[in-house]
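Annotations for this protein, taken from TrEMBL, read as follows:
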- 20-45: transmembrane segment (TRANSMEM)
- 203-222: transmembrane segment (TRANSMEM)
- 228-253: transmembrane segment (TRANSMEM)
- 274-294: transmembrane segment (TRANSMEM)
- 300-320: transmembrane segment (TRANSMEM)
- 327-348: transmembrane segment (TRANSMEM)
- 368-401: transmembrane segment (TRANSMEM)
- 523-544: transmembrane segment (TRANSMEM)
- 550-572: transmembrane segment (TRANSMEM)
Amino acid sequence: KSSKREWKPLEEHSCTDVPWLLLFILFCIGMGFICGFSIATGAAARLLSGYDSYGNICGQKNVKVEGIVNSGLDLTHKKYVFFLDPCNIDLVHQRIKSLALCVSACPRKELKTLADIQKFAETNGSALCSYELQSSEYTTDPRAAKLCPKYPVPESAPIPFFHRCAPVNISCYAKFAEALITFVSDSSVLHRLISGVMTSKEIIMGLCLLSLVLSMILMVIIRYISRVLVWILTILVILGSLGGTGVLWWLYAKQRLSASALDTQIAKDNLQALLIYAIAATVFTVILFLIMLIMRKRVALTIALFHVAGKVFIHLPLLVFQPFWTFFVLILFWTYWITVLLFLGTTGSPVPNEEGFVEFRMVGPLKYMWWYHVVGLIWISEFILACQQMTVAGAVVTYYFTREKRNLPFTPILASVNRLVCYHLGTVAKGSFIITLVKIPRMILMYIHTQLKGKENACARCMLKACICCLWCLEKCLTYLNQNAYTATAINSTNFCTSAKDAFVILVENALRVAAINTVGDFMLFLGKVLIVCSTGLAGIMLLNYQRDYTTWVLPLIIVCLFAFLVAHCFLSIYEMVVDVLFLCFAIDTKYNDGSPGREFYMDKVLMEFVENSRKSMKEAGRAGGAESRELKPM
């Protein structure tokens, strides 16, 4: 009955999925509690000011830790953390395996001997050896070999805001860099790449701006070139399938002639394989032609929807800036999340380790807080993306179901945001939670697969990959269904489950149209992304080719192309979202309206022409199948 009930677009608004909104608010309060707990337990001070191996926070007075010597010191004038061996990095546990001390100043020049270290301590008042050694004992005490830094001590400088002394020369971290950048085996190559990026930074910024402008221009003109792109796609598919099938049959015939002269088992196997490939390609080509024959009329709907989507962006220009706001909010949240994660890394009670130094560890149930924090990363990120989908859906629904476009709200985007905040945050929270429930098991399986790499047998590896693939497919299907559910909610103000069911019924009734839009439309948008990347890359090659001030410009060009693809994907994904919303509105419009008085269509003139052409085709097909003697009366 829900599929037959009347849709009443934009007639009434009511709050949806309120319990899920309350649950999401409670979850966010829990995220805030984790942040507050880490700050209250001193994690923020330890992260920003730094602490030594004895549990003392640099730059302040400290409390004695039972059983730990050199703890509880007054380090008010020693504000920087200094590592005796900063290049000794443990890649497995991702930490520096070295004694850490609080010092007054970082060594701003290389110290080659213990005498230089002693002179630096006497001159600058910054003792670089352990606290139990006096500066006068650096060259005489035999313990200095273990309690003083490994020399030569590299030149270092404090990291802004984090008060750690870090070596100025990055070659100190060559081993770490090799683990991260495996394709760079020569440090000179890395220096040339970095110098190329720094020298051409103005060109990189200009090319990134060019990709941004090209993406915005393409969103406006794509409605005029959509028909050309569809014909290009059709011709490429036909030529590719026919050419591939023809080549396989030609190779089979040629191999068969040579096999008569070479009567070997290998030749027979190759001949049989070619025959199988050729038959499979022929069957695929025939099926592909039949599908194209069936869907040829539905491609016209895709073209019409792209044309109307271009009009939407003209009437709703703020849609173009929607990716900026979403990206900005995501960056703010991710920055907060990473900061709290760093807090959690230094949260806990001081515990002596096997080396006699202090580590901060959480005990009891609190040590599982980072799991809660990880779930928060996924759920809130999906929530932000879902808010974008609901905002776009609400604005496009307002445009579609407003008969007189001059009566549109002054800013439909802001009106959609207002409806989202006032009525539909619970629906967005529920939809994003469903995606989170699918994404977390997939990420766990991917982590297990990475950890067991090279250890599991072939069967286990195949099963893991199959489960990951199935969960990925399920996530994509649910994401598409969620987006249509948000559109249904924007139209009728129904809760998530009702909207998802209604949208699913509409999509099933228009399965062939959905297939045409998702195949032809996605390929058209993919061609648009390729066009922007190629145009930006070509401009980059032409500009960088005239620059002779640096050794190589491979890395700048890669950066520009990656940024161009990211920008094109963000903008054209909004275009794809608008097309999907328009299609659901169109399907609902054609199902419940027929153009008669009192049931007039809401659709644009371009879509109206498509409907009229479809009706004429159906009438002609009906007349052709009727009696020959039936009289045709003029309208």
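Glycine is treated like the rest: Cβ placed from N, Cα and C.
TrEMBL annotations: computationally assigned, not manually curated.
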For the transmembrane segment (300-320), which stretch among 20-45, 203-222, 228-253, 327-348, 523-544 has the most Cβ pairs under 8 A?
203-222
Of the stretches 20-45, 203-222, 368-401, 523-544, which racks up the most C-beta pairs under 8 Å with the transmembrane segment (228-253)?
523-544
Counting CB pairs under 8 Å, which listed stretch among 203-222, 327-348, 523-544 touches the transmembrane segment (20-45) the most?
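Per the Cβ count, the answer is 327-348.
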For the transmembrane segment (203-222), name the stretch out of 327-348, 368-401, 523-544 with the most CB-CB pairs under 8 Å.
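Most contacts with the transmembrane segment (203-222): 523-544.
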